[in-house]
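Taking it in order: structure first as structure tokens, then the write-up.
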Amino acid sequence: MKPAPASARLWWALAGAPLLFLGLFFLWPAATVLWRGLVGDDAGGGPGGGLAEAWAVLASSRTLRAIATTAWLALAGTAGSLLLGLPAAWALSRFSWRGSRTVRALVTVPFVLPTIVVAAAFSALFAASGILGGLGLDQSPVAIVLALVFFNVSVVVRIVGGAWEALPPRRALAARTLGASRWRAFVHTTLPALRPAIASSAAVVFLFCSTSFALVLTLGGTRVRTIETEIWIQVNQFLDLRAAAVLALVQVAFVGLALWVSSRASHARAAAGVATARRRGPRGRERWAVAAALLPTLALLALPVAALVERSLRVVGGYGLDHYRALFVPPARTALPVPVWEAAVNSLVTALIATAMATVVGLVTAQLLAARSRRAGVLESLVMLPLGVSAVVVGLGLLLTLNRAVLGVDLRGSWWLVPIAQAVVALPLMVRALVPAARAIDPRLRAAAATLGASPWRTWWHVDARLLRAPAGASIAFAFAISMGEFGATVFVARPDRPTLTTAISRLLNRPGLDNAGMAFAAAVLLAALTAAVMLLSERLRTTVGAEL
């Protein structure tokens, strides 16, 4: 057999890093969930029974209600996001005025907030003592839908707004010249061109709405149960890992369907072509139209944040910083085994470790995927697989799989499971951000360096590393923000005596007492501020080729 070239051997040697990481901490856990769901395992806390028992779990009224609730909440959240996002996308893509960039940034901010922060904000807004407590929406499906819209409206604005901004206005102007009204010109010229972008944004929003575990768990209480919260209940209340695994398969099907629709719509959107239309200032009645398009969205975004800050400052008899000072009190005075500040330190440490893991594996993977080939395509598909699985399923898979020593290392009860889970969630997003930048590097630069006598290592250091510095910095900041705010997988693997900030906020929100709620709101404000600061740094580092981030 002809020996493989040195470059091929090096490629496969480097590919061992992402393959080993994903194999141990994603593919194996995912396969375990699949096996437990379809075949069963006597050691998993429930009797095996093959497909018949799996079907019994699926056909139960409890499961069917969870599936129906997940579907209609996702559909309602998607419809609400489109209802508010499309007018805002029109205003921000067609017009420019003093402060329009600030408005665009404000609309984007909610999407980068951790879901537990958004849940805390709406809990503060609709609680009996909240700004809108009189509406009686606390722990109601309406509160969950509004939170889903808050979280996802920026997706519609960015995807549809980008496509709208690229549309040349001459089509609509030609229709107006032929006597069509503004509405008819929009329906017959603009809307068909925007349809792929609208479909793509709707699919992405549906995906996020069907995987908003923290929002439903916090805002729904015991009244609203989706597939993800039902998985949590089966594991923590009934210790039924078999039923949880079956539900995880249903959740994977939900996510897979949304990703398939999004992929189809994205291809159609890419095929539509790109142009650039200059934005202008609104004139006359257009000012009122722009205001009407943006005010509902801005009100929805501002009210929960204002309520969160207000509730974090409210104390008996007025306002103060008592809840922020309480973050440093001994655990005997809280509902947690450790002070909240210690949970924050735990989050910081685990997020840094998770970011380091994702960075090492992500940089190696991006370099391997820079040159398109069949093997690179297979590796890219493997690395992107975690995007098609809910973080709850990732956490459940790690819980089911790493209950024994692996390669001589016993991770049972170890806090290392938390950064591992967070790195699995962050890795595909980091690679997705880095690969376009790596592929944009002109290969002639490497050839010139090699011609001048540079070794492969020096060529990489002086060419690739230098050009990837900005997108790598942006993706690292993004991965850190994701890890700090991760909740879906973390809540399954975090040790009770070593909570993260997100799990601490969730515990405090679910405990009675004004002090517990006040500390939860104060911690959520600090987490939101940290996340926003990190994402601002990411935006400053981001370049055009790294815009996939």
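Keep in mind that glycine also has a Cβ here, set from the backbone N, Cα and C atoms.
Just so you know, TrEMBL annotations never went through curation; they're auto-generated.
Look at TrEMBL and you will find 67-259, 344-538 tagged as domain 'ABC transmembrane type-1'. Annotation source TrEMBL lists transmembrane segment at 12-31, 71-93, 105-128, 140-161, 197-221, 241-261, 288-309, 348-370, 382-402, 414-435, 476-494, 517-537.
The transmembrane segment (197-221) makes contact with the transmembrane segment (105-128), as judged by at least three Cβ pairs under 8 Å among residues 6 or more apart in sequence. No contact links the transmembrane segment (140-161) to the transmembrane segment (348-370), because fewer than 3 Cβ pairs that are 6 or more residues apart lie under 8 A. Among the recorded stretches 12-31, 105-128, 288-309, 348-370, the one sharing the largest number of Cβ pairs closer than 8 Å with the transmembrane segment (517-537) is 105-128. Between the transmembrane segment (348-370) and the transmembrane segment (476-494), the number of CB pairs under 8 angstroms, six or more residues apart, is three or more, so the stretches are in contact. Long-range contacts of the transmembrane segment (105-128) within the same chain: residues 88, 92, 135, 137-138, 140, 143, 146-147, 150-155, 157-158, 212-215, 217-219, 297-298, 301, 303-305, 307-308, 310-312, 481, 484-488, 502, 505-506, 509, 517, 520-521, 524, 527-528, 531-532, 535, each at least 6 residues beyond the stretch ends and with a Cβ under 8 Å from a Cβ of the stretch.
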